[in-house]
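**Student:** Just passing along the structure, written as structure tokens.
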Amino acid sequence: TSFMFIIAVLNMVKIYQTRHPDINPRSSGTFSFLAIVIFVNVIGVYFDEQWFWILYCITHILFGLACTSKVYYMGKLKLNFRVHINLYKLVKENGFFSRPRYVNRMVLLILANVANIAFALYGAIHQPESFPNHLLFVFLGNLLLYLTWYIIMKLIHREKFTRFPVIYLITATIFWGFSLYFFFREVKSYEVPAAISRTRNKQCIVLNFFDDHDVWHILSSFSMFFSFLTLLTLDDGIRNKRRRDIAAF
């Protein structure tokens with residue numbers, strides 16, 4: 001699961017880097033963030049109680065709002081303990097009721113905030129059985145939202161799509177569909193004693209050796225492979241464009 005966190009975050013950084021190579025997050029900051037996420041993930045496993053979910057919900061929402069400010073102002077705002085003061089100064093400088101300068105970016109950030117607030121509230125209210133899975137869906141949901149928005153923006157700017165990324169994207173979507181089907185067919189649980197967990201075991205379905213969880217790992221490897229190929233080739237249609245003619249969004 002920790003590797004899935006890393007993959008999701010690095011994919012989002014890769015997509016962002018494509019259009020903003022000059023303000024890309026530093027590797028030290030990115031991996032420090034991932035270390036904190038994995039640490040919180042471990043705490044969530046051992047302290048799966050109401051106080052933890054409430055604290056996680058508040059932290060999730062506040063961190064999302066802070067990241068929103070940083071992304072909207074294209075790196076002009078630093079994430080530190082004075083972020084609220086610096087944000088107030090920037091908003092005051094631009095005018096509290098002025099028209100947004102970056103409408104497309106604002107739309108993405110509004111959607112992202114709505115999605116993340118929904119994720120956070122769902123966790124605090126329902127308290128899912130597995131915190132790592134909940135956190136994983138948060139990262140994958142944000143990645144899917146960002147990739148969808150990126151593709152829509154390419155369509156709006158009438159950027160050309162080559163044949164291969166379309167094929168890779170369709171193939172990845174199909175594999176992800178089958179992968180998630182087997183992912184939700186749980187055959188074990190780390191939240192209960194081993195004797196109870198064994199009651200969830202199912203018969204092996206492939207070669208009388210691989211069960212549902214094994215099939216999930218096999219199919220998800222193909223899913224990630226074609227997803228990586230999609231990201232690698234997504235902008236092949238504009239490779240002959242001059243840098244100054246490429247839209248930044």
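We number each residue from 1, going along the chain as drawn.
Note that Cβ sites are derived from N, Cα and C of the backbone, with glycine treated the same way.
Pasting the relevant annotations from TrEMBL:
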type	residues	note
TRANSMEM	29-47	transmembrane segment
TRANSMEM	53-73	transmembrane segment
TRANSMEM	106-125	transmembrane segment
TRANSMEM	131-152	transmembrane segment
TRANSMEM	164-184	transmembrane segment
TRANSMEM	215-234	transmembrane segment
**Student:** Checking distant contacts: for the transmembrane segment (164-184), what same-chain residues at least six beyond its ends satisfy Cβ-Cβ under 8 A?
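**Tutor:** Residues 212-213, 215-216, 219-220, 222-223, 226-227, 229-230, 233-234, 236.
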**Student:** What else in the chain is close to the transmembrane segment (131-152), if you only count residues 6 or more beyond its ends and a Cβ gap under 8 Å?
**Tutor:** 1, 4-5, 8-9, 11-12, 15-16, 37, 40-41, 44-45, 48, 60, 108, 111-112, 115-116, 119, 123, 231, 234, 249
**Student:** Six or more residues beyond either end and a Cβ under 8 Å away: which residues meet both conditions relative to the transmembrane segment (106-125)?
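**Tutor:** That would be 53-54, 56-57, 60-61, 64-65, 68, 71-72, 100, 131, 134, 137-138, 141-142, 145-146, 149.
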